[in-house]
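Beneath this line is the structure, given in structure tokens, with notes to follow.
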Amino acid sequence: MATGWGSLLQDEQQLEELARQAVDRALAEGVLLRTAREPSSSNVVSYAPFTLFPSLVPSALLEQAYAVQMDFNLLVDAVSQDAAFLEQTLFSTIKRDDYTARLFDIHKQVLKEGVAQTVFLGLNRSDYMFQHNTDGSPALKQIEINTISASFGGLASRTPAVHRHVLNVLSKTKEAAKILSNNPSKGLALGIAKAWELYGSANALVLLIAQEKERNIFDQRAIENELLAKNIHVIRRRFEDVSEKGSLDQDRRLLMDGQEVAVVYFRDGYMPNQYSQQNWEARLLLERSCAVKCPDIATQLAGTKKVQQELSRVGVLEMLLPGQPEAVARLRATFAGLYSLDMGAEGDQAIAEALAAPSRFVLKPQREGGGNNLYGEEMVQALQQLKDSEERASYILMEKIEPEPFGNCLLRPGSPAQVVQCISELGIFGVYVRQGKTLVMNKHVGHLLRTKAIEHADGGVAAGVAVLDNPYPV
């Protein structure tokens, strides 16, 4: 990979002036977050943190990530429909992980009663890093797939203009033209609109399940605005509101304040601390309805780390995607080493290897939202505590991906612009819609690049560690 913007990162005065210009352009483009101090109000907003320059990404890896996204869509959908595979895979996890167990209970209740929804919608984001191989070549390796509340499709569509502006200010018009246009929110809204249309009730609404304190509201509004342009109305409600004002009629149609809901889009409900007893009951009510859930409970379970680890086992992809050897090969090429920590010889061996060479592994619990993974000394301590306990089954072990660091300048509200060594994570947004057993939409709809200083092991933009970026294809 080329060295990037090396010489530009050395002129402090120029960086300061560029940073001022970039921040003003970001605010003008709507690259916005609410403030930590007032997360429930848009009276005071700030720019979302971002890089001053786009980061170099090998074109071949960007193309590979796009090419495999429709395979990942098919895979997630196949897992969500395979109740026996989910039960077998999560069997030991749900004994020790209360949160996954609660989700699984709802899944079982819905299956027992009979799934009421006939249209299924997946909006996901598959995240990758670029492994730096010993021969110097980069390889695309999947970190995880997010099947619930995959965020930043809205803000990612606003940042290309900012990076083009920075390069144009520097009279680098040829380089500015190389920054890819990107509008994930439009594609995500297309999926929701298709599901809404197939639901087949012209006056029904889209219900967005939102958090009370939502700093990332403008990201969500981008999707709402795309839907409104198609004359599809979105209402924002919390789990608590569903619990108080939501109901099912005799045909299990979901009513919210007396209005029929066609699609439920979750932007909450992906972490244990987001569920009170009341919220769990609201989630069950939503799942029992015939509204299209994005995601339904089975698809949320399909995105767990334990499922990711099982998918890497020999023969599992072939079982889930029979007769599709090309798709299987594309998927498998992106897998890093993944290891089960279930009780038994296999788990014992994985723990022994990680304790012998801790720098080569990451310990992952069944959690979303960033900031949960354990590395280095912390991982060693956790493994020593867990190794003789059945609780270890609620974690998986993953080979640590080692990207090649590069320099960039990170811009954050209230902090001076700082040039640091960074690594990036590339996400590709996928959308699919299934009616009964028929897939009616399967596409990739855009990308997200997030970049962080190398000292930050874990965490995304919402967790306050990574910043928004754009790929500069090389």
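Glycine too: its Cβ is placed from the backbone N, Cα and C atoms.
TrEMBL entries are annotated by machine, without manual review.
Source: prediction; values computed, not measured.
According to TrEMBL, the protein has these features:
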- Arg125, 148-151, 214-216, Gln220, 267-270, Arg450, 461-462: substrate binding site (BINDING)
- Glu144, Asn146, Glu368: Mg(2+) binding site (BINDING)
- Glu144, Lys305, 364-373, Tyr375, 398-401, Glu425, Lys452, Asp458: ATP binding site (BINDING)
- 205-302: domain 'Glutathione synthase substrate-binding' (DOMAIN)
As a whole number of Å, the Cα atom of Gly371 (ATP binding site) is distant from the Cα atom of Gln220 (substrate binding site) by 22
By the 10 Å Cβ-neighbour count, the most surrounded of the binding-site residues Arg125, Lys400 is Arg125
Comparing local Cβ density (other Cβ atoms within 10 Å) for the binding-site residues Pro365, Gly371 points to Pro365
Students should find that the Cα atoms of Gln220 (substrate binding site) and Asn146 (Mg(2+) binding site) sit apart, in Å rounded to an integer, by 16
The binding-site residues listed are Pro365, Glu368, Tyr375; by CA-CA distance, the one closest to Asp268 (substrate binding site) is Glu368
In all the protein chains shown, the tally of other Cβ atoms within 10 Å of the Cβ of Asp268 (substrate binding site) is 20
Whole-number Å distance separating the Cα atoms of Pro365 (ATP binding site) and Glu144 (Mg(2+) binding site) is 12
Checked against DSSP, the composition of the domain 'Glutathione synthase substrate-binding' (205-302) is 41 helix, 26 strand, 31 coil
In chain order, residues whose C-beta lies under 8 angstroms from the C-beta of Glu144 (Mg(2+) binding site), counting only those at least six residues away in the same chain, are Ser126, Asp127, Gly303, Lys305, Gln308
With neighbours defined as other CB atoms within 10 A, the best-packed of the binding-site residues Arg215, Lys452 is Lys452
Densest Cβ environment (other Cβ within 10 Å) across the binding-site residues Tyr270, Tyr375 belongs to Tyr270
